[in-house]
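S.K.: First the structure, which I've put down as structure tokens, then a few questions once you've had a look.
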Amino acid sequence: MEAPRGWLVISVLAISLASSVTEDVCRAPDGTHGSAGIPGRPGRPGLKGERGEPGAPAIQTGIRGLKGDQGDPGPPGNPGRMGYPGPSGPMGPAGLPGLKGTKGSPGNIKDQPRPAFSAVGPNSVSRDNVVVFGKVITNQENVYQNNTGRFRCSVPGYYYFTFQVVSNWDICLSIRSSRRDQIQPLGFCDFNSKGFFQVVSGGTVLHLQQGDQVWIEKDPSKGRIYHGSEADSIFSGFLIFPSA
């Protein structure tokens, strides 16, 4: 145990001596900076920074360049929506006649209108000189009015009208028709200087529309018709065929 204690004493003395020597040495002034050394190697790339704020638009100072060449056509687009119908075009030329159709079934004549009338008289003469044949013999479809002496068309078509009037005086009669508010007369006259009984007759074919009227009219100064039991005057008419 004596040896370790001796080494401890020696160590303490050595430290004390070194401290004394250091305190006795004078401190020298600092030296000047030396020349720059050689640049070191580039360091490793740093991390990617955040995106910066947009820059202000630049002021265009150059001259606008020429128009470039036309680019290649792009791919076709999708079909658009259907538009509104356009106006009707002009009528085209007539086509070729079609084939002849098959024969139809026979019609029923009973279902066809057959206007016809016949009346005798006269019973009277109206103020407008219309001869009224008041005694009706036939009045199919009720087309003749025996109180006015007028036929009224109910079926458009072609009609035949006739009259036979007995007189022993000069007489002038006319078949008159109204169509579209226009009066169309057809006159017949007979002169009797001897006072014998004679028959004045007339007839015509008329194309009538629905609502047209036909009647017999006398001349105011030459229209004396015989009234008696020996002879009758008659006014008749009927449809020949209807209009297509």
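Cβ coordinates are placed from backbone N, Cα and C, and glycine is handled just like the others.
Okay, these came from Swiss-Prot:
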type	residues	note
REGION	28-94	region 'Disordered'
DOMAIN	31-109	domain 'Collagen-like'
MOD_RES	Pro39	4-hydroxyproline
MOD_RES	Pro45	4-hydroxyproline
MOD_RES	Lys48	5-hydroxylysine
MOD_RES	Pro54	4-hydroxyproline
MOD_RES	Pro57	4-hydroxyproline
MOD_RES	Lys67	5-hydroxylysine
MOD_RES	Pro73	4-hydroxyproline
MOD_RES	Pro79	4-hydroxyproline
COMPBIAS	79-94	compositional bias 'Low complexity'
MOD_RES	Pro85	4-hydroxyproline
MOD_RES	Lys100	5-hydroxylysine
DOMAIN	110-244	domain 'C1q'
CARBOHYD	Asn146	N-linked glycosylation site
DISULFID	Cys172-Cys189	disulfide bond
S.K.: With DSSP as the yardstick, break the compositional bias 'Low complexity' (79-94) down into helix, strand and coil residue counts.
M.R.: 0 helix, 0 strand, 16 coil
S.K.: Within 10 Å of the Cβ of Pro73 (4-hydroxyproline), how many other Cβ atoms can you find? Include all protein chains, please.
M.R.: 6
S.K.: Restricting to the chain of Pro85 (4-hydroxyproline) and a gap of 6 or more, list residues whose Cβ falls under 8 Å of its Cβ, or answer none.
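M.R.: Non-local contacts for Pro85 (4-hydroxyproline): none found.
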S.K.: At the level of the C-alpha atoms, what whole-angstrom distance separates Pro45 (4-hydroxyproline) and Pro39 (4-hydroxyproline)?
M.R.: 17
S.K.: Quick check: of the recorded positions listed here (Pro57, Lys100, Cys172), which one has the Cα closest to that of Pro79 (4-hydroxyproline)?
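M.R.: The answer is Pro57.
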S.K.: Could you pull the average pLDDT for the domain 'C1q' (110-244)?
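M.R.: Residues in the domain 'C1q' (110-244) carry a mean pLDDT of 85 in this prediction.
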S.K.: Please list the DSSP helix, strand and coil residue counts for the domain 'Collagen-like' (31-109).
M.R.: 1 helix, 0 strand, 78 coil
